[in-house]
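S.K.: OK, Swiss-Prot features for this one:
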type: BINDING; residues: D298, D302; note: Mg(2+) 1 binding site
type: BINDING; residues: D298, D302; note: Mg(2+) 2 binding site
type: BINDING; residues: E451; note: Mg(2+) 3 binding site
type: MOTIF; residues: 298-302; note: motif 'DDXXD motif'
Amino acid sequence: MALPVQAAPQRAQVRRTAQFHPSVWGDYFIKNAPDNKMVSIWKEQAKVLEEEVRRMIISETQKPSGKLKLIDVIQRLGIAYHFEEEIGEVIEQVYSNYDDDEDLYDIALRFRLLRQQGYNVSSDVFDKFKDCKGDFKKHLVNDVQGLLSLHEASYMSVQGEKILDEALEFTKTHLMATQLSSPLPDQVSHALRWPVRRGLPRKEAWQYFSIYQQDREHIEPLLKLAKLDFNIVQKLHHKDMSIITRWWIDLDFTTKLSFARDRVIECSFWALGVFYEPQFVFARQVLSKAVAILSVMDDIYDVHGTIEELELFTEVVERWDISMKDQLPDYMKWYFEALIDFYAEIEAETTKGGRSFCIHYAKEAVKKQVRAYITEARWFNNDYVPTLEEYISNAVISSTYPILITLSFCGMGKFASKDVFDWLFTEPNKLLYTASGLARLIDDIRSHEFEQERGHVASAVECYMKQHSVSKQEAYNELNSIVVNMWKDLNEELLKETGVLPKPILACILNIVRVMDVVYKDEDSYTNSRNSLKDILATFLVNPVPV
């Protein structure tokens with residue numbers, strides 16, 4: 001049912017306040033320039049090791065199962081981007097020459113790697129591991145490596161794959177109950193908390209270094225290459241952060257819009273997580289600035305703006321007319337000027353690259369964004385709590401996921417053609433809808449309590465509680481169940497679009513959801529960035545890996 005905005009009673013016009021804590025990082029990345037003396041030496045060493053690893057991948061003497069294990073390690077160590085062509089060829093060969101005479105570890109690994117690569121292989125391959133009663137065979141509980149491999153594979157499931165649902169429960173139960181000798185306890189506990197499918201590649205690489213190093217069969221040149229590469233890329237990212245910090249300081253939002261979260265480095269975590277590879281330097285720059293700009297917009301709508309100011313601001317953005325800025329209050333004027341300048345920067349860079357079409361889609365995305373935000377502002381102003389379905393239909397936009405994807409594509413050069421943008425804006429778009437809804441629910445489950453304390457539109461939690469007259473815990477249970485199913489839908493849609501969209505585009509879509517899963521795993525670590533996210537960023541940007 002449509003919301004009767006005008007008929008509903010309205011709140012008194014009082015500005016809310018959130019009292020966000022100040023920046024953790026300040027101008028750290030400007031004042032602490034990295035020592036790049038070792039980078040040239042690291043690059044020379046890495047170049048030699050890279051060729052050695054390449055020879056391992058294409059070796060004719062290694063069995064397919066051995067190559068798959070090697071590829072899995074390469075991907076987990078975060079260096080697969082150096083060997084995409086070779087990995088693709090091996091995966092295609094393995095897909096074309098299936099060998100059923102393998103153990104649980106190998107079959108589950110093969111299944112996962114093929115699905116990760118976009119091959120829609122059948123989960124029936126796991127039927128052989130069930131007994132006549134339809135249960136997984138009891139002897140499998142003693143095969144810890146096999147259980148781990150099956151556990152990881154189960155997260156590649158799509159709707160209707162009952163055997164993978166059963167595999168997940170079976171492996172969880174027995175992995176949690178099993179006492180293991182080193183290094184498997186670390187690997188097991190990490191897999192239970194961060195399965196490969198949901199882990200952020202750059203973060204997972206750092207955490208896998210110690211696990212792989214404890215493996216008695218680890219390949220030393222491979223491990224050394226991964227560590228060198230991590231440190232080389234870290235120096236590049238440090239430089240990115242100094243540029244972004246300078247841009248942020250020049251905007252002076254901490255003074256002009258002091259009510260907003262000062263989180264520019266935390267905003268850059270999205271970019272570092274999605275585009276850690278060196279080649280995507282412009283994409284990182286665009287996405288870092290986009291998250292920072294949109295975070296302030298979110299606080300304008302959710303924290304500071306009155307409904308009258310927000311209605312006017314929405315109209316100004318929808319018209320995209322800089323001459324209207326003088327109608328806005330000063331804080332909105334400053335913000336709108338920064339938004340216009342950011343878009344002008346994108347337009348200039350994409351036009352130079354022969355992609356002037358990008359800016360049209362970017363503008364359409366921000367207009368959709370303010371329409372979604374003003375809808376929520378009206379709901380809050382009128383004390384209206386929508387049904388979950390009505391909420392989600394708007395929240396997939398207000399989540400910022402669609403605009404972040406759009407702006408990310410602007411920075412991706414040749415991979416994001418006009419056809420890709422046309423696909424993105426085609427409705428219905430189940431892949432975009434699923435990823436956006438998933439991002440929104442992950443956020444809501446962890447952040448809604450703090451938001452409600454300061455005054456905020458009803459989240460998915462409050463909407464579900466009111467609609468179904470249930471407790472908060474019951475709402476959590478149901479929404480977490482929806483999240484599980486949306487991950488399955490996301491897996492299915494990514495499989496469908498493989499071959500239609502370039503792999504970097506699909507990786508971008510997946511990685512933004514993964515970032516949300518990291519940021520909101522236990523709490524809203526973006527808003528409260530003094531804890532886990534600070535440590536992750538220090539790992540990404542400050543602390544080199546001992547080689």
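Note that Cβ sites are derived from N, Cα and C of the backbone, with glycine treated the same way.
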S.K.: So which one is it: of the binding-site residues D298, D302, which has the fewest other Cβ atoms within 10 Å?
M.R.: D298
S.K.: Would you report the average pLDDT that the model assigns to the motif 'DDXXD motif' (298-302)?
M.R.: 95
S.K.: Helix, strand, coil residue numbers for the motif 'DDXXD motif' (298-302) per DSSP?
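M.R.: Computed counts for the motif 'DDXXD motif' (298-302) are 5 helix, 0 strand, 0 coil.
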